[in-house]
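Working notes for the structure below.
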Amino acid sequence: MYFNAILLILLCLRLSDSNNVTIRARTVTAFLEQYEAYKDIVMIHLKVPQDTLFASFKFKAEETQMSIFGCAIRNVSLYLKHGAPPVINPDGSPFPKTFKNITRCEMFNLEMRTDNKESYINISSPEPGTYFAATFLSYSDPKYNAIQQEGLRPSCYASVEATLYTNKVDDALIIAEGGIIQVILTSTESRYFKFFVPNINDHGLVSLKDINHSENVKQLIFRMDSNKPPTPAIHQIEHIIDENVNSTTVHFQAKPDSWHYIELKLAENVTYKQESHCNLAFTLNLFTSKLVEESSDYDLLQNETYFNNSITKTFHNSKITDLSPYKQYDLLREASSDSFLFSYELKQEFNSKIAIPINMTNTHFSLLKFKIRDGTDVGGTLQFIMAFKPRVRRSTSRIVLEPEPENQVIVACIRKGIIEVPTWPNSCVSNGVEKPAQLILNKTIENSTILIPYPESGMWYATFKLFCGTCVPCNCPQHCQEQYEDCTKDCYLNCVIEGNCELCSVNCSKQIIASDECKGCNCDGPCLKNENVTCNSSIVFDIGSHPCIFGQCSRNGRCMYMVSDGVVFSTCVCMNKYRGWDCSDDSQATPYYMVVIELVLLVLSNLMFLPAVYVAFKRKFYIEAICYFSICFFSTFYHACDAGENIISFCLVRLSALQFGDFFCALLAIWVTLIAIADLSEMRRSVFHMVGAIILAFCTTINKTALWIFTLPVCSGLFIISISWYLKYRTVKSRFANRRYLYYNIPIGAGIVTVGLVMYAFLQTKDNYKYLHSIWHMIMAVALVVVLPKPNTFLPEVLL
């Protein structure tokens, strides 16, 4: 805890040379709930502005005391994530199998206590936009949680205060393509520049020239990143320029339709004098990888799809082995008025209303591009479904379905913000990092599905490629890679003047691969391209969003919309102790036979009140007999409706009405029993019965479960008994009641009631509720029989 505070102070001091860390937002949550399912989380959302170098999220949990009892310190869990609500399972329930392990935004976890101490999550060079924090009282197994009665436990409510601090680059200079930027650097500052990359561009070149160092400057640092200012720890490109270098170029891959940042500064590991400086100039040029119509690859790709609304491009980075043509399809969004119910379709599908296949060959990969909107689209589940289009062959008058060839495989990838290239045999590669593909089609798997809960807002890319034949390993010598880098660098420098830069990478690659020593660089992922082997196939896809899991939660749950801190999200609310995102985890579910046992125990235990009804009627306590029968009736049907885990429950009327009848009749039974023990006259007994019934009905409507509701009739009844028995004693100056009743029935009855109250108030948990509450029914029924007086219990001459 203290380490985090010290770290924040050090970072503030580190960044104070240009800007101060300032407070951006503060919010206090609603009262937290104990985690049992995702519906129990409380959401916080905080927005990090553009141009942010550093963000610090400060969290502080505290208790609010609402009763005379002190509050115990409790554990609080918090998960923070950019772009969408965090996907978590603190209860350890497994995610559905269709939730594949794709690369997503980093999630931060913080464990706190409600002791009002500060905790921090610090992020350097954070992504701008909304950060969502899900917080709750830490999970514990609910079956061991005590059922505490209101009024017998501390009334404490936990909340979390969240504060956002940021350090921004306020003086970033906006630059345009093609202009010459003159820069003077000193040893005490970093200079930041930012530029916007339009949707048509996806790579660029920064040309630095006329670099003039002062004598004691040894190195110049060039850093670049997209969407956020670069830092020493987080950047897309870092280029070190030594003192003897007069000019250089930096080629970079750009993110279309986003801001990019450049940082220029003198190296930090050198001690400079005050007059140290560096002068330079640089220019920015942006390019597109869209294939020109004169290209042979362009003609090849154009002929592959009958409905041609795609864009043909070349995917490349700094490696000669990664060049690959592809077809890009920009999908359109079709939405419903229902929340989180929308889909993405090809432009042609808007008119045809039928699924249009995408034709593929092994010479290129295909890319589907679509955008998830901020706020309104992130609370559902994104689905990506792919399937082979059936191969149909006509044979005379029949239509024959043909299977997919044995050796044909389609590998698919999906990721937000970054294009992942499918590679043989089952991988997705981006920026040199290889991860297993989670969606693969072949002869035995003709369709496959990926579900992405709470997708992050922004641009998403789904890529897929067809593979066939065998794989011959690709072996590209390092000097071929160096030749390729020199060739593309010279090409980009010259083409800026000529205005034709689209084919630099392609032409340099063909030129170098044409040499005998570099033939091994003609790669398709880890394999050599085999232009003699061709294959084709067609796929249909479905990209869209639904609330929960395809709009439902299996038969053991309901899909519900939740709102917290203005954030709307869908989640499954499970029944019968099922867990998980789709309510399919039955590891803690009650077996059916136990559900039957629970229902039978809670319902049949109320039959113990029938002997009490008989005894009251036989002893001429007719009002009491009616009350005891009412308890039996309402409690039986209340538990028949409430128990059974919504599987075999039976509700005569709505649950709230049955619950009111159960609690009211129980309170009324306590009241009339105490009045019977007081041995009042018929007139006084009638008055107390009616007044008590009215007051108890009113109080039960206010709060059925509060301690004072039960305390009121008990204390009032004991007070009336005390007054009545005192007056009786004053009248006869001796014992006025049956000796057996005074010395046996009353103590035994009080003992039984005490045991029942202790069991009811302190020993019940969710796991043993069905047993102890059934015993409570029986104990109270027995206590009524024991304490209800017989007709000859009191002397008739001292009736008040």
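Using the three backbone atoms N, Cα and C, a Cβ is placed for every residue, glycine included.
Summarising the annotation, TrEMBL assigns disulfide bond to Cys574-Cys583. Positions annotated as domain 'EGF-like' by TrEMBL: 544-584. Summarising the annotation, TrEMBL assigns signal peptide to 1-18. If you look up TrEMBL, you'll see 592-614, 621-640, 660-680, 687-703, 709-729, 741-763, 769-788 marked as transmembrane segment.
Counting only same-chain residues at least 6 apart in sequence, those with a Cβ under 8 Å from the Cβ of Cys583 (disulfide bond) are Cys553, Ser554, Asn556, Gly557, Cys572, Cys574, Met575. For Cys574 (disulfide bond), the Cβ neighbour count at a 10 Å cut-off comes to 25, with all displayed protein chains included.
Note on the transmembrane segment (621-640): residues 599, 602-603, 606-607, 609-610, 612-614, 649-652, 655, 658-659, 661-662, 665-666, 668-669, 672-673, 676, 689, 777, 784, 788 of its chain, located 6 or more positions outside it, place their CB under 8 angstroms from a CB of the stretch.
For the domain 'EGF-like' (544-584), the model's average pLDDT works out to 91. For the transmembrane segment (592-614), the partner stretch with the most Cβ pairs below 8 Å, chosen from 709-729, 741-763, 769-788, is 769-788. For the transmembrane segment (709-729), the most Cβ-contacting stretch among 660-680, 741-763, 769-788 is 660-680 (pairs under 8 Å). In the three-state DSSP assignment, the secondary structure recorded for Cys574 (disulfide bond) is strand.
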